[in-house]
Amino acid sequence: MHISCQYMCTIIFIALEPQMKPRKGGHLAGISENKKCCVMNCTNTVNGRTWLSIPSYIVAFNGYFTAKARSHFISSALRGVGAVNWRIMPRENPASDYPSDFEVVQIRQDAHSSLLTLQDHPYIKRVTPQRKVFRSLKLLAGDGGSSCNDTRWMQKWQSWQSSRPLRRTSLSLGSGFWHATGRHSSRRLLRAIPRHVAHILQADVLWQMGHTGSGVKVAVFDTGLSEKHPHFKNVKERTNWTNEKTLDDGLGHGTFVAGVIASMRECQGFAPDSELHIFRVFTNNQVSYTSWFLDAFNYAILKKIDVLNLSIGGPDFMDHPFVDKVWELTANRVIMVSAIGNDGPLYGTLNNPADQMDVIGVGGIDFEDNIARFSSRGMTTWELPGGYGRVKPDIVTYGSGVRGSGMKEGCRSLSGTSVASPVVAGAVTLLASTVLNRELVNPASMKQALIASARRLPGVNMFEQGHGKLDLLRAYQILYSYRPQASLSPSYIDLTECPYMWPYCSQPIYYGGMPTIVNVTILNGMGVTGRIVDKPIWQPYLPQNGDHIDVAVSYSPVLWPWAGYLAVSISVAKKAASWEGIAQGHVMLTVASPAENDSAVGAEMTSTVKLPVKVKIVPTPPRSKRVLWDQYHNLRYPPGYFPRDNLRMKNDPLDWNGDHIHTNFRDMYQHLRSMGYFVEVLGSPITCFDASQYGTLLMVDSEEEYFPEEISKLRRDIDNGLSLIIFSDWYNTSVMRKVKFYDENTRQWWMPDTGGANIPALNDLISVWGMAFSDGLFEGDFTMADHDMYYASGCSIARFPEDGIVIAQTLKDQGLEVLKQETAVVENVPVLGLYQTPSEGGGRIALYGDSNCIDDSHRQKDCFWLLDALLQYTSYGVTPPSILHSQNKVLPPTGTDGSLPERLEGNHLYRYSKVLEAHLGDPKPRPLPACPHLSWAKPQPLNETAPSNLWKHQKLLSVDMDKVVLPNMKAYRPQVRPLSPGERGAWDIPGGIMPGRYNQEVGQTIPMFAFLGAMVVLSFFVVQLTKSRNRPKRRKPRIKRPLYLQQQQQIPHTGKNPTV
């Protein structure tokens, strides 16, 4: 049954083909072939009836049941709702003979009531849409032909099809672009490094010790593997989970990944003797489904897989069946290694499942130890808006130009975090084979060993490199003497250490500020489940002013699987309001887990860990320097369809980066800090902050509604001196209907729940001052105050007080272009407004209709200068002369010539809103939630000195790496050998440069040795010169001179020669 293109073929091409026009240098000729391919694959009838366009749902059960029992549960649930047109989709794969915990059901009519009935069944845990998963490979050798799912043929504006953020995609690239760390700013000799990554990481040292991955089962979830590939000698099983009747790899990606892990010749893998289990979960059209993964995951648990590599990812951490199954996998001791994503250098772009606590998330570097430009950056965005994200990736390793097995034979090179992931998976497989007691190896203990042994890259923060670069031999030393214990990630909090602890180190803390939240991951190597005994204890160091800070902690009630969270909130005590200095202390907690091998009932293993805390405190800055960022009213995908602020971003229409000052507004935050402003984050309603402490409230790209109490409080606050800056975006209901797209997960058209911003809600907020934004949609380049500007899908100001200042520009009507494919230029479009409220001591308000110029996601020309000017106005009342005397000043619009935008009828914003709730079909505001209240820990002061340097490699209990003796590494470094047939150019060594392994760390020590050698030579000449000057003028008898000189020469040289 072909289901790869699904309903897209019958809808997308019918909707788009009449409007498609050939692009200059484009591929219009490919449309017919693309359409033909999809038509061929989408024909599907069952008993004479078409099920193609019928939504599919994953019905998850509370346990594993036989097929007969599952069918009985579903039929009994649907019997009473009249859903006669439904069926259970057949799944023909190796797992179909075993009990399962889910079914895939198609429901033809009355789906909503049927879903509610299914969810009410006592044996059914959850019902979610079946998700279609895409892979878009970009290989060095070329992409090959266009696939059926190629989205290049989508028309410019018409109805987007499922975009990349909805998909879990392959994380490989054809080429790498690199972000330098700043450590190599001078000209230098480029060194040739062989690209056999297993040798570079010194896996050959462990091979010489007899460790080659033997006895470890490793699963590769990818595109398959040919049966008789010459690089592999221990392929235990190949299974197919797709709707294609083949086990072979038609793309080469799965073969490459398997080769990095376990190839035995040419481009050698890490663990050639490991037991390979190949799971073909992607078709040759690079398509998969969540249900395929779920079945394959269940089979992996059944086969007792030890290590699983997953080189795919996507931002949908709310794909509940997938996320739940990953948790179940790791709970069954499967060590999952996954790529962190290729959406860098933007922050907040982590992919799932690599962003989960129980998964080893891998980022990419090049062979010069630079972070790959494409490698996704943290933080995790699960916790927003109320909390703060976790540190990810966990570790980084080589991900550019890495050599692996070709599809049939020979070697090839690929780049991407899809490549870095199997490097770590291969290393984990090899490391697992070195442990005699395999019971000690679990997802937590392996991650503990990797992050504790990782080598930190200088000049790179923790949201880029995690704990650092993979060090295979140090990880082996740690595992050699490991005993089960708990540890923390990060292992300390130092708000003074830059750049590693960015963004925490970028701004000191002070009394009256929002608490600084650090989200720490607890890793529990003692067992799959655990708990924190009693409560964590806060112990300030009195000699280091630890009593000047207050600490509150919240934590996971249960640590499962293998991990939990520890949220540490840090604030300044009142007595330090005018004090400046460093304060230190530590949080101590004890983790307990059931003793698995202890015969005593209720026996537990315990482990106590300390979290050192070090902060810099400054006196509370003046109100004018304090800016409060409204995070509470920002929404993003998942779970709803929140479109991009720039409608030109056709290939990626969903807003999914978190809209946080440390993710896609990072550059803006850095700029404000450089200008001396202190920026804090509001993760709760407007009713929950003291406005007298802040000069300006900054609202950017707000999608959320507002509580009536928030609107009333903000009006009072501005009357009392608080100022407000709003960067808005587009909102037009006709355009919103036009930019809908077909979601192949639910077989439904998705309508945006808001525009780029929620203009009707913002208008409610500012209406009391006679202000409003319009539903116009404009785009264009212009010059303001001698600065080049680009207006990207912004709105205009529809209404403004007559005594305010308004700046207008000439722009294109983008809304007309979207709706009618026509072009029009509109003059005097009001884009900027400044207003001083009339009340005595009242604040100021500034409005701008577009946020793209300060958003890293799609910024073309920054307008940080404009933000500076607006803050000068709101904080100090200084109107910028370039704006006050601008030739583009116009009379403020009165808003009488047009209606204001209204909310889209039938929108589903209430499903994802913190403010709205459904009420008889008409959403109403929820009751205002209570403001968050932190329970500050009672301090237990210590009258002892705190450690002076918190940066050291994470120390695991009972691990003494000096006791683990490795063989002479120099003896086992790979030597240059003649190239074998078919391996031409495998080493990539330019002519004239000495071949062989030239390690970067060794290369960096050569200048030091040269300097020491020069100093030795210089010292020798100085000593000789001094001796010659101090010789007595009277010459001694010639017969005694040799004896005297011999004695003098022996004294300084006996055991004192410096060596290099």
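Keep in mind that glycine also has a Cβ here, set from the backbone N, Cα and C atoms.
Under the heading domain 'Membrane-bound transcription factor site-1 protease-like N-terminal', TrEMBL lists 57-131. Sequence annotations record features per position, and here TrEMBL assigns domain 'Peptidase S8/S53' to 213-468. Among the features that TrEMBL reports, active site, charge relay system is placed at D222, H253, S418. Among the features that TrEMBL reports, domain 'MBTPS1 third' is placed at 489-620. Here TrEMBL flags 621-886 as domain 'MBTPS1 fourth'. TrEMBL lists 1006-1026 with the feature transmembrane segment. The annotation region 'Disordered' is assigned in TrEMBL to 1029-1060. Sequence annotations record features per position, and here TrEMBL assigns compositional bias 'Basic residues' to 1029-1041. Annotated compositional bias 'Polar residues' per TrEMBL: 1045-1060, in sequence order.
H253 (active site, charge relay system) and S418 (active site, charge relay system) have their C-alpha atoms 9 Å apart, to the nearest angstrom. Taking CA atoms as the reference points, S418 (active site, charge relay system) and D222 (active site, charge relay system) are 11 Å apart.
In the domain 'MBTPS1 third' (489-620), the DSSP tally of helix, strand and coil residues is 12 helix, 67 strand, 53 coil. The domain 'Membrane-bound transcription factor site-1 protease-like N-terminal' (57-131): residue composition by secondary structure is 25 helix, 26 strand, 24 coil, according to DSSP.
Counting other C-beta atoms within 10 Å of each candidate's C-beta, the active-site residues D222, H253, S418 are led by S418.
Model confidence over the domain 'Peptidase S8/S53' (213-468) stands at 94, taken as the mean pLDDT rounded to a whole number.
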